[in-house]
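Accompanying notes for the structure given below.
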């Protein structure tokens with residue numbers, strides 16, 4: 001009875017782990033895009049990273065991270081053949097693996113960085129397909145050892161060619177950038193208008209109080225006559 005309960009517990013544990021991991025399959029020599037959705041409010045202002053997990057419970061070695069300035073996180077950053085870009089408003093982290101090779105297969109994580117700590121946004125198992133004409137044939141897969149522990153996981157196909165062009169500016173980030181530019185210009189115009197209004201008001205005050213340098217304050221210059229050299 002105890003053995004049966006232990007078996008059920010292990011099965012539930014494996015199922016829970018499988019549901020938290022998404023498999024992305026890509027063809028060798030082509031590009032693979034991995035999408036990691038997250039709560040944009042919860043992870044607002046944080047840098048994101050893509051790391052490779054060393055073993056099932058091992059450390060996660062960082063491969064590439066977003067721009068140090070959170071406001072520029074929409075800019076694509078490369079480390080070798082791996083790129084990362086963050087749509088902070090839309091809440092989507094996008095990883096691009098170019099020229100996919102067998103050694104790229106393995107277990108990865110999308111992370112949200114918070115100082116020295118990191119929150120896992122999504123666990124991803126990357127599998128590399130060897131034959132483009134029959135990519136769903138298990139015999140044509142380079143499957144890492146980790147995949148044996150993730151049977152029954154959700155499989156999400158994300159296969160694209162190297163010629164596909166991807167915009168480095170996510171739509172929501174473009175809107176955010178344009179809004180920031182518009183707001184900065186509006187603030188600058190408001191500051192200039194306030195300075196001009198303040199200067200005009202000061203000049204009017206000086207004129208009404210008789211302290212304006214260009215105003216006749218009652219002192220008149222009289223010409224001294226009658227004293228001439230004889």
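A Cβ is built for glycine as well, from the same backbone N, Cα and C atoms used for every other residue.
TrEMBL lists transmembrane segment for one of the ranges 174-197, 198-221, namely 174-197.
Counting residues per DSSP class in helix, strand and coil order gives 6 helix, 61 strand, 40 coil for the domain 'Immunoglobulin V-set' (22-128).
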